[in-house]
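Per TrEMBL, the features are as follows:
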- 1-25: signal peptide (SIGNAL)
- 27-127: domain 'Phytocyanin' (DOMAIN)
- 161-180: transmembrane segment (TRANSMEM)
Amino acid sequence: MAIVQMVTVALIVMAASLGVKRTEAQVHHVVGGDRGWDPSSGVASWSSDRSFRVGDKIWFAYSAAQESIVELKSRDEYESCDVSNPIRMYTDGLDGIPLDVEGMRYFVSGKPENCKNGLKLHMEVMPLRSPETQKPKVVVSEDSVSTLAAAPTTPSGSVQLYGNSVLFLVGLWLCFYYMAV
């Protein structure tokens, strides 16, 4: 299962860095790094030194057959792992969530026992970066090398075609993966 998660993370990084519009998200955060949304990934320590901003995107990679993600409204629900009144539930196994407004966000495992064992994430979404400091990049994990990608001033057709092909292949792979599970 770890290989599938690593391949999924690698495909997310490739898709994010090759063909996605650079203005939609400044930083793509893969929650839990190389291990994804898993009790062994240490999500709390993973997020402790990261900053999340409006325009960023967070990605959850997990086994949809074994797990789900629940977004909660309040810190009290988050602390108590009360998933009875969610804002939204994510069950696809690969969920990209845009951080489009400032404020606190709370995500927990859909399984209360996993949540109580620490599989949860809270973050403060900070204001958008000023235009002179905006540099699109992909962040996989602290131990991995961050990939910085400057947005081209005039996109080339071949780069866009290649990026769209990567996105198509990611989608095709995910379809086959979920049909096999």
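Cβ atoms here come from the backbone N, Cα and C positions, even for glycine.
Automated prediction, rather than curation, is the source of TrEMBL annotations.
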Helix, strand and coil counts within the domain 'Phytocyanin' (27-127) (DSSP): 22 helix, 37 strand, 42 coil
Overall pLDDT for the domain 'Phytocyanin' (27-127), taken as the rounded mean: 93
